[in-house]
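Chemist: In case it's useful when we look at the structure, here is the feature table from Swiss-Prot:
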| type | residues | note |
| --- | --- | --- |
| BINDING | ASP17, HIS18, GLY19, LYS20, SER21, THR22, ASN134, LYS135, ILE136, ASP137 | GTP binding site |
| DOMAIN | 5-187 | domain 'tr-type G' |
Amino acid sequence: MSDLSHIRNFSIIAHIDHGKSTLADRFIQMCGGLAEREMEAQVLDSMDLERERGITIKAHSVTLYYTAKDGIKYQLNFIDTPGHVDFTYEVSRSLAACEGALLVVDAGQGVEAQSVANCYTAIEQGLEVMPVLNKIDLPQADPDRVKEEIEKIIGIDATDAVECSAKTGLGVDEVLERLVKTIPAPTGNYEDPLQALIIDSWFDNYLGVVSLVRVRHGRVKKGDKILVKSTGKIHLVDSVGVFNPKHTATTDLKAGEVGFIIAGIKDIHGAPVGDTLTLSSTPDVDVLPGFKRIQPQVYAGLFPVSSDDFEDFREALQKLTLNDSSLQYTPESSDALGFGFRCGFLGMLHMEIIQERLEREYDLDLITTAPTVIFELALKTGETIYVDNPSKLPDLSSIEDMREPIVRANILVPQEHLGNVITLCIEKRGVQHDMLFLGTQVQVTYDLPMNEVVLDFFDRLKSTSRGYASLDYHFDRYQSANLVKLDVLINGDKVDALALIVHKDNAHYKGRQLTEKMKELIPRQMFDVAIQAAIGGQIIARTSVKALRKNVLAKCYGGDVSRKRKLLEKQKAGKKRMKQVGNVEIPQEAFLAVLRLDS
């Protein structure tokens, strides 16, 4: 398709479960992207994990051809985006390739915090946002209330928002009609030198690196020599094409289009996401503004159960980072667990997903340590350092001040659950910043310590509000706090992988809880196992896993008490000797016991 005015690039912004992937299925069906027999629910969620959890993790792209009612054939390039708070970076990447976005809102549930955050990102990037009310067929749908909410909370006009039901297909054609009228056509020139933005890359064992690109200017075809701006390397293009939704090769990709380029790049870091591609004959083309690199919020150690898997693990991480640019990792070693990597994630869900992908796609057995956030330390020497691993914390006598990261959290909650949410925020050491009443919903803004938010805040928020509250947060600042390092000792030996940094007020409580939890998880040995929690040299909690013991008196049948005592003493001496040389196997669950502490 040659005419730029007939191309529309758009993505869908929606909260989890508001029907985004189902609407995408309807678009594909209506535009004849797949035959009836190939249609399945959530076509674009191609990862098994995405289907099981019912969430979109990666951004996907599809090119569809839609003939409008006025007879014009439009090329729709649709980039699917995730809705969960941990994957906002995927959203900003997708939006960088679009001119417009559909804001899909569940007509029963109304606006949720995550859609608000993503919608603002779209507006900041200058996109045209078009509201769509989905699930209009449900009995609890209340379109008028939701339209009012969109106007009040997000501030865009929703009086004539399109109403549809992606599940039944009702009104979906109207969405497409409105879309081609509302969303602007891309700008660009075929004759200019090639300038293309890499939106996503992934590694294919046969093809090498496959890059999803948005062409801004010029054109690219098979046989062209392309230059990757950041690495300065030149590659020969093997094939170009689009997804509709299957891989379909085309003769070329032109300005305004979104598609894939395969150039036989074997180096995993050969085509970084957010980079600019151009032809080798025009190397002085300007670099396109990429998207801001997202800093990880949560760090955890990942260790292979068998040390022989270390190299495979390194390779698997390299391949995953290509596809998921927000994952960061550095090698680390632990006395308890051997060699592994310290990985940075965007949140707890992201961490779980990465661990599952490593175990499934690369067949690895991993142990994960408890996640922590980054702390800022002002040392007495005057320098400032950042620590993401409790076992790397310097001696307390050399620290002038410890600061913890604070996030600004926006919570949208129905009025009847407001009390529970406020109680939860206070329990998590939150400070209220603002409260707005918007129709039946309330928007509360809290400053919360990130350490409290990343572990289980999201789950607790959902359960206290019966699933109705929604959360969006971003890092705000570092703030001084009275923090201490909580060590766990097993039989008198510190286990570095179990150390935690906690607030002093909670330390005794956390220590008691942690030792009790460990007692349940560590299996009984042939000798007593002492589990202690300590701050510095002071033991604040202790519990023991009692030894398994054989009844040595069974053969005595009455007999003299001194004979019995002799047998018991002999057993005791044996147990003592075992304890000195015995090793305690700590199961994987014990390393994650920290996550299951009720804060």
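Cβ from N, Cα, C; glycine included.
Small disclaimer: the values here were computed from a predicted structure and weren't measured.
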Chemist: Sorted by position, what residues of the same chain at least six away from GLY19 (GTP binding site) have a C-beta under 8 A from it?
Modeler: VAL104, ASP106, ASN134, LYS135, ALA166, LYS167
Chemist: Could you tell me the mean pLDDT over the domain 'tr-type G' (5-187), as a whole number?
Modeler: 73
Chemist: Under DSSP, is ASN134 (GTP binding site) part of a helix or a strand, or is it coil?
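Modeler: DSSP assigns ASN134 (GTP binding site) to strand.
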Chemist: Give the number of CB atoms, excluding that of SER21 (GTP binding site) itself, located within 10 Å of its CB.
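Modeler: Result for SER21 (GTP binding site): 25 neighbouring Cβ atoms inside 10 Å.
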Chemist: List the residues of the same chain that sit at least 6 positions away from ILE136 (GTP binding site) in sequence and have their Cβ under 8 Å from its Cβ, in sequence order, or write 'none'.
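Modeler: Correct list: ALA107, PRO143, GLU163, CYS164, SER165, LEU170, GLY171.
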Chemist: Please state whether DSSP places SER21 (GTP binding site) in a helix, a strand or coil.
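Modeler: The three-state answer is helix.
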